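**Q** Quick one: the structure is below, questions incoming.
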């Protein structure tokens, strides 16, 4: 607590040998940050520039990649600063803001993935009604909801936590996530229950919905051999990435709240995976597996001299 400025500071204690390997951490994470931003923005620019890609499927992909850029930009700079700092600290108000950005954008990822799964489901299983269902107005509403709904869900615990008394000024992690509630003098049962409800509605239900739609797509595609192979090549990598990312989020939200004595190194690795995984793999999966995008990427990077 800084009495002269009346600011409460929280110390991050999740870094491993940061004073010894600070420059190594910084270089690796900085390169990953630049790679992530470059890959995502390259595909977004391709979708924006080429009118042939101005379809709902590609628009949703662009929104997902923009969300990855926002997430990385909100998290990476603070991590990079901490790697080079003598003390890894953050003000409580900034910690709450990071908590809000962190979970609202992660929830937006699942919302957008659900919308993309629904778009593919309609286009394959009900193609005659696709133009009627996926109109421009519907696409705009879904895109706006993808950011507004998660933000409203996450804003509630943030507002409730802002007025709570702080007795602990030490976090075991490297950023402000669900463990922030352990800083409070009195643990709120209502906040824990609400967090579980948000987890179910923002993560579990979208994952189940995506699994259902992809299963339906594979069942319908199985009847046609040519479409079956194409659907399998498209759906299976997406499901693999979704499953891995869902496990990371489940760890971050649920296991981090439990009193389990994880090693410091494991906590650091899992925290970094949550930050790195989805933003870096999204452009790879959707850039290489979506033919419309891959063709333009190949033309961009493989031009004959």
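Glycine is treated like the rest: Cβ placed from N, Cα and C.
Source: prediction; values computed, not measured.
Residues annotated as domain 'G-protein coupled receptors family 1 profile' in TrEMBL: 39-286. The transmembrane segment annotation in TrEMBL covers 23-49, 56-76, 96-118, 139-163, 193-214, 235-256, 268-288.
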**Q** With pairs 6 or more apart in sequence, are the transmembrane segment (96-118) and the transmembrane segment (193-214) linked by at least 3 Cβ pairs under 8 Å?
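**A** In contact, yes.
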**Q** Hey, which bits of the same chain come close to the transmembrane segment (139-163), Cβ under 8 Å, at least six residues off its ends?
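**A** Residues packing against the transmembrane segment (139-163) from afar: 56, 59-60, 63, 67, 93, 96, 99-100, 103-105, 107-108, 111-112, 115, 180-181, 184, 188, 190-191, 194-195, 198, 201-202.
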**Q** Which bits of the chain, at least 6 residues beyond where the transmembrane segment (193-214) starts or stops, bring a Cβ under 8 A of a Cβ in it?
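**A** Cβ under 8 Å, 6 or more out: 107, 110-111, 113-114, 117-118, 120-121, 150, 153-154, 156-157, 178, 181, 235, 238-239, 242, 246, 249-250, 253-254, 257.
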